[in-house]
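Annotation source TrEMBL lists region 'Disordered' at 1-28, 140-161. Sequence annotations record features per position, and here TrEMBL assigns compositional bias 'Basic and acidic residues' to 1-12, 143-157. Sequence annotations record features per position, and here TrEMBL assigns domain 'TLDc' to 220-395.
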Amino acid sequence: MGNQSSREDSKEAQLLSKWSKKEQEQISQSKELPSYFSKELYTSLTEHATRLECLETAYKILKLKEIGSVYPIFQACVEKYNASLEKFVHWTVISSIPLWFQDNKVNVEQYDPTRLVGYFLNYAIEQKKQQEDSIDWLSEDQDERKEEKKENDDWKVKSTSSPSCINRSEFDDWLVTTPSFFSLFYLVTEYAFLGSTEDNLHKRRLDHLASPQLGSSFSELLSPYDYFMLTQHLPPISLSNDTKEIKHQLLFSSKRDGVSWQVFVNKIVGQGATMIVVRAKDGTIFGGYADETWEYQNTDWYGNSSNFLFRLEPSCRAWLGQNTNDHYQYLCWGKKSLPNGFGMGGQFDYCGLWINSDFLHGHSRAGPLCSTYKSPQLTKNDTFLVDQVEGKQKSRLHNSFIYLGDLVWLMRPIEKDQDKMESKGVLNYSEDMEFMEMAGKKMYSKDLAPPEKEKEKVQE
């Protein structure tokens with residue numbers, strides 16, 4: 001017995017020597033679990049086997065990034081708590097997302113993680129379906145489609161069954177095709193064994209182990225779980241920059257700034273990369289990310305394949321640019337011979353996402369897939385009424401999340417020449433002022449109040 005214990009101690013010392021001195025100290029310290037951290041998951045991580053075996057598992061996950069080392073933890077959750085895969089994912093999500101946000105002071109616990117849990121469970125199915133749809137949408141093989149539907153239905157039943165009957169091969173196949181889940185499991189393993197970390201924040205953001213820096217206010221349309229999902233599709237330059245700060249912050253909100261097309265345009269033009277989030281009157285939430293800044297008086301389609309469209313409600317999915325054409329983004333106003341509005345993908349009258357310049361009506365038409373993004377119809381009906389818009393901006397300097405029906409966030413600001421800043425807003429251009437005047441909208445400088453006579457009319 002003594003020799004066995006001595007050998008165990010020797011193996012543990014050898015294993016610990018692979019960690020830094022600071023990490024060894026962190027491993028030896030007791031951890032105080034935050035209220036949001038799943039006790040079931042923590043127990044399964046730290047007590048699923050002997051101490052040495054638990055340390056070996058942690059080393060493989062944190063140092064070697066072996067996804068095959070996650071299954072023993074999942075199996076421990078099944079055996080000890082009769083967990084389903086859905087419950088295992090739920091515990092991981094609620095424990096890791098607050099860690100991912102770090103010091104951004106987002107109150108994650110008040111939000112529902114159901115959409116992100118469903119996104120992870122069905123990610124592989126949705127990706128396979130998306131690939132097949134992009135090449136087989138003309139197929140009329142009904143038997144093949146029925147077989148695919150049966151496989152998908154079987155997986156949905158199996159992934160929610162408690163206790164789980166998913167074997168190791170099925171689990172590993174699912175995890176390989178759901179890479180962003182491993183990032184979250186990495187975070188819970190890291191906290192369980194090392195506690196908080198002060199590693200290079202820039203690198204952690206690029207590795208999806210930390211959220212981009214946020215402004216003072218958070219979205220009203222996106223939950224923190226939605227925000228995490230969307231950042232998985234952003235290009236690295238929109239996540240972090242090692243030489244200058246990138247901050248995702250609120251740029252426009254129809255709730256705050258009003259249902260105003262001209263204010264919306266004035267907020268987004270010349271700012272940087274943007275994310276548009278729309279909530280339609282029927283409750284559908286969807287939008288798109290535009291990697292290039294919205295341009296003044298560019299009446300052509302432009303953009304690049306880093307753009308994507310997405311849908312959050314009723315289910316989470318994203319569709320990346322496919323390089324089939326350059327119809328990634330379009331913005332036009334005040335033109336009699338061209339469609340006036342905001343568009344992403346497809347072609348006029350058949351856009352993947354379109355918002356009219358009345359800022360009330362829009363459409364999403366795919367027929368059956370948008371040619372630019374290979375996305376389906378994003379909304380229940382092919383036309384919709386805008387309920388709320390929101391957007392954030394960050395920088396590529398600048399990036400924006402825009403939520404039609406709620407907010408626009410500045411996410412990656414472009415560098416601006418201060419000498420040219422004085423006349424940058426679209427309402428500073430005379431022809432736009434004239435167009436707004438013709439539409440019955442009296443325009444006044446942001447720095448000046450309306451004339452007294454106009455004030456009197458308003459009061460009357």
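Even glycines carry a Cβ here, placed using N, Cα and C.
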For the region 'Disordered' (1-28), give me same-chain residues lying six or more residues beyond its boundaries with a C-beta closer than 8 angstroms to one of its C-beta atoms, as numbers and ranges. 50-52, 55-56, 59, 63, 193-195
Counting by DSSP, what is the helix, strand and coil composition of the region 'Disordered' (1-28)? 23 helix, 0 strand, 5 coil
For the domain 'TLDc' (220-395), what is the mean per-residue pLDDT, to the nearest integer? 91
